[in-house]
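To keep things clear, I will list the structure first and then write my remarks on it.
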Amino acid sequence: MSKKMDRCSFCGRTEREVTQLFQGPGDVFICDSCVESCHSLLRDDMYSLAREYENLRDGKSSNNKNYKGKIELLKPVEIKAKLDEYVVGQDEAKKVLSVAVYNHYKRILNNGQDDDGVELQKSNVLLVGPTGSGKTLLAQTLAKILNVPFAIADATTLTEAGYVGDDVENVLVRLIQACNYDIPNAERGIIYIDEFDKIARKSENVSITRDVSGEGVQQALLKIIEGTKSQVPPEGGRKHPNQELIEIDTKNILFIVGGAFEGLEKIIKARTNKKVIGFGAEVQKQDNMGTEGEFFKKVLPEDLMKQGIIPELVGRLPVITTLDNLDEQTLINILTKPKNAIVKQYQKLCKLEGVKLEFTQEALTEIAKRALKRKMGARGLRAIIEHTMLDIMFELPSNNNIKEITITKDTIDNYKKAEIEYK
């Protein structure tokens, strides 16, 4: 009686028909050909993003119909006018950003067209301003106006490669994911890094200990911000051996970084010899020092270095602009003037329920005053209105008899119920 011949459990071929047959638990076998087939399937899945990337790079194909090879560039005046529709105040910052963005994308469109040997450098932007002054909103609105990919990164979560936290290169992954892995589109996008001041090194002197979330992050950001070809994992996270990586060129990515830079005012005061304490003439100087915003307008690169930003990184952020503290009237305007103002948003929500929503002028003033007390800028406005509207939005969908709701000063100040007009 002949011996039973072993077969591959997947394709059914006998051991004579294959080069090698591997045995698993029990009588399960797999041949070398099936192993290779499984490996090919896994490899194709892992490399699919990379292949699409290569096709996009070579101009062969693109599955992303939203990608537009031609950038429709607005003039600086037009960019600022668009910003005015969404952002209240901060005119100086809007002008600086409009010019910087125009020059940046003009540089991209003109790249390689001139033969005079003049190479236009990238002008990344640093926004200095208090919490809630509109730094993030300005960056978001710019990306929306220009129809380019946009990603936000929080600098406080970034650490040097190899340590717990997000690798700096993960900010590039967010941008790639924001445009559905369309690499050429990502390579002309905008990245906003918030809380940039939080990665300042602990002192001006070079430390003998490793500062993985401060100077270490700054060093890692240097090349990315200046322009380099980075290898990043498609899904982010840490790099692993044998992992397929996607290459992205950052030379045409505009980086906008922002921070409150608490303590910068004192550094500027010290440089301009206007002392916080003193007698006689010095007291007179202190009385005429102006507001915090006016001092920020005098910021120089050397002040940022004293704050803990390394000189090399300061040099890669040539455009520096400051944002003003928001006063009461500006906060009131923020509530009602922009296209997507928070009051307009709630009015639309109520309109969808068939109800008219109104805020009295006294109520708007009280909201602005409360936001000023909280020292949260425009962010405080949303928090106050969200709290005020909570009960109303909870009950409104269940009540079909309401015609109009009016939010008064007492609704804000004394937590009284809003005035309701029934049908």
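Using N, Cα and C of the backbone, Cβ positions are placed for all residues, glycine too.
Worth saying up front: this structure is predicted, and the values here are computed from it rather than measured.
Here is what Swiss-Prot records for this protein:
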type	residues	note
BINDING	C8, C11, C31, C34	Zn(2+) binding site
BINDING	P130, T131, G132, S133, G134, K135, T136, L137	ATP binding site
DOMAIN	1-50	domain 'ClpX-type ZB'
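This view paints the features noted in Swiss-Prot onto the structure.
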residue : record              : DSSP class
C8      : Zn(2+) binding site : coil
C31     : Zn(2+) binding site : strand
T131    : ATP binding site    : coil
L137    : ATP binding site    : helix
Quiz item: When the number of other CB atoms within 10 A of each residue's CB is tallied over all shown chains, which of the binding-site residues C8, C11, C31, C34, L137 has the maximum?
Solution: C31
Exercise. Select the closest residue to C11 (Zn(2+) binding site) from the following binding-site residues, measuring between CA atoms: P130, S133, T136.
Key: T136
Self-check item: Listed binding-site residues (T131, S133, T136), ranked by Cβ neighbours within 10 Å, top entry
Solution: S133
Self-check item: C-alpha spacing of C8 (Zn(2+) binding site) relative to S133 (ATP binding site), in angstrom
Solution: 68
Quiz item: Which one of the binding-site residues (P130, G132, G134) has its C-beta surrounded by the most other C-beta atoms within 10 angstroms?
Solution: G134
Quiz item: With the ATP site defined by P130, T131, G132, S133, G134, K135, T136, L137, which remaining residues of that chain have Cβ atoms positioned within 8 Å of the Cβ centroid?
Solution: G129, G258, L323, G377, A378, R379
Quiz item: Near the Zn(2+) site, what residues other than C8, C11, C31, C34 in the same chain have a C-beta no further than 8 Å from the centroid of the listed C-beta atoms?
Solution: S9, F10, G12, R13, V18, L21, F29, I30, D32, S33, V35
